[in-house]
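Working notes for the structure below.
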Amino acid sequence: MTAVLLEPQDLGHLVQFVPDLCFDDAERQAALLENGSRDFNAVPGSGKTSLLAAKLLLLAMKWPHPHKGICILSHTNVAREEITRRLAQSVEGSRLLAYPHFIGTIHGFVNQFLAMAALRQRELKVDVIDDAVFAKRAWSLANSNRYATLRVWLSKQHNAEVLVNKLFYKSATLDVVSEGGGLPGAHTATYKQMVALKKELTGVGIFRHRDMFAYAELALAEHPHLLDVVHRRFPMVFIDEMQDTSWEQEEILNRLFENRSTVQRFGDVDQKIISGDPESDKATFPRTGHGTISTSKRFGKRIAEAVASIRVSQQPVVGEADDACSPVLLLYKTTNINRVVYRFGELVVDRFAEDALTNRAVRAMCARRGGEGKVDPGRHMGDYWPAFERAQPSSTKDDLQVLLQWQRATLAERATEVRRGVLLTLRAAKAPVADELHDGRYLLRAVKEQQGDATQLQQLIRELTLTPPSFVSPDDRAALASTMYAHLACLLRAEMTAEEFAALKLFANPLMGEEKPTEGGPPTVCTVVHSDRELECSLGTVASMKGETHLASLVLESYGKNRRFDLQMALPFIAGLGKNFNKLTPAQQGQMRNLYVGMSRPTQFLCLAANESRVDAQTRLALAKKGWEIDVLS
Ligand SMILES: Nc1ncnc2c1ncn2[C@@H]1O[C@H](COP(=O)(O)OP(=O)(O)OP(=O)(O)O)[C@@H](O)[C@H]1O
């Protein structure tokens, strides 16, 4: 037996390891003491990630194997960082941060243990694995003369851009298909150009995340013994945020670990809001016999009642925290929609003293842009806050500003982003050293080989890693260009002047020339001044705020692709007007799940905003009877 067993007496160590957390209830104790393979479905704010971290700390104390480890997988870097942070606080936990254990995202795991083997065998280098970078390059290639046949065909397609931008390899045969829709027959010249385009990008190392799963399958097909190697290395596997795992990902994990290792999966099936998986009905989470955690430590009774009323599975949500204020329904008119977020800020200032707001998040969120059409506004964030739409970066790993200002990552990750940023700059400047160099990680080596010394480059990377540069004003950008030029001059073409370098497009401000959003403030922040106090409320999509805990949250109504407003549909459920969940279409259930994620973020104050034309008198009355305040924006 290679898995480690936890026993009731082990729980005594939790006071020392995680003194801020409480695991006294039967549901959490059962999850901690479960030693077999089992799923756990837990409500928002139940502390899934911290429970998992606590369990790992207990296992770390007893882990006896020098060459076998625990595999801990999450969907997002945020969850991975939370687990890592908790483990790093003790000597025992720190052991899990190194060999033989693995902590990372499912993507990272599949790349490291499977896909890279297949790529290496084919001598394929990876420049970047990033859907946005791929999309940008693929669309630009598709519009070039070399792909004229493809271009003509695309000009007749209504979904041309998405077809090209979402090309990916499927299964071990590396079939070229698109998430954007069907492609022409394999024998056609158009399809052959589509394949050539995909291969051209493969040749320069630009991949989409999904491609890695195809290479992983290829690795398993060519080397079936990898299955044994991986599961023997990891007798215990924990997966966080399981509801967001696509079937493609789950299938590979099942092949590796099911019925071989002890696998425990944590998540909340009602928070599944990542759509676009055509095989999502095959997903198995949560399996029959799963454990449950039904109490939330994040919010109290009133928010719990609202959240439970729209929970698609209809399972209970119990709020265990203190109940602070009544929820508010904020009704606006089409003519004053641009005041909604500001009004929410005023409501927050009225309810909380300055101290209570310090270091606590106040956020406004809305579903992703969905349906268009001639309907009263309130369709997406752009209707409430026009600057928001314009501020969305079109690309991530291909944008110097994003790379150099990546705030969330660890220092090591920041250095990787900075190296890539420097490589992009050298490429833009057509520096000889950047020719044929696809991966920022090899930049230092390439410079050393070429120049014999890379001290200047090293200094620049260190400086940018430790102090993220500002891009706000033209002066900031000129200063960055000047610093980079000073350190990189020896690598640039002899004729390149500092002025030419500073004029490179990647130092330009993407928002330059556009109307300023709010008196020069960032386009995703609303600054509210009320009662001689100031409050900042940041804005985002619900998906971008998943996993967050706020003091106060505003959920703005939105219009789905199915041409239904989410809150118009949900408010009668929240008001308890006896609506039936079984009558909701899959698209409407998706909207409900989105609201469920958004409405379950706040610890104390929940506010929903809807156009008054869409909320009838009966619903308003029923909500008021349940203790909701109705605030009509004048
Ligand atoms: N066992 C616990 N004891 C006390 N407080 C806890 C416990 N678990 C979580 N909390 C607190 O509850 C809040 C929500 O926790 P957390 O964000 O980890 O929940 P979650 O299950 O990941 O939520 P979601 O699914 O909504 O992302 C946090 O403020 C956290 O500190």
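Yeah, the Cβs are placed from backbone N, Cα and C, and that goes for glycine too.
Now, the feature entries from TrEMBL:
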- Ala42, Val43, Pro44, Gly45, Ser46, Gly47, Lys48, Thr49: ATP binding site (BINDING)
- 21-313: domain 'UvrD-like helicase ATP-binding' (DOMAIN)
Out of Ala42, Val43, which of the binding-site residues has the smallest number of neighbouring Cβ atoms within 10 Å?
Ala42
Determine, from DSSP, whether Ala42 (ATP binding site) sits in helix, strand or coil.
strand
Which of Pro44, Gly45, Gly47 has the fewest nearby Cβ atoms, counting only those within 10 Å, among these binding-site residues?
Gly47
Near ligand 1, which of the binding-site residues Val43, Gly45, Gly47 are found, taking a Cβ distance under 6 A to any of its atoms?
Gly45, Gly47
Taking 8 Å from the centroid of the Cβ atoms of Ala42, Val43, Pro44, Gly45, Ser46, Gly47, Lys48, Thr49 as the cut-off, which other residues in that chain fall inside it around the ATP site?
Leu51, Asp268, Ile293, Ser296, Lys297, Arg298
For the domain 'UvrD-like helicase ATP-binding' (21-313), provide the mean pLDDT of the predicted model.
93
On the three-state reduction of DSSP, what should I expect for Lys48 (ATP binding site)?
helix
Give the residue from the binding-site residues Ser46, Thr49 that has the most other Cβ atoms within 10 Å of its Cβ, counting over every protein chain displayed.
Ser46
Report, as a single number, how many Cβ atoms besides its own are within 10 Å of the Cβ of Lys48 (ATP binding site).
23
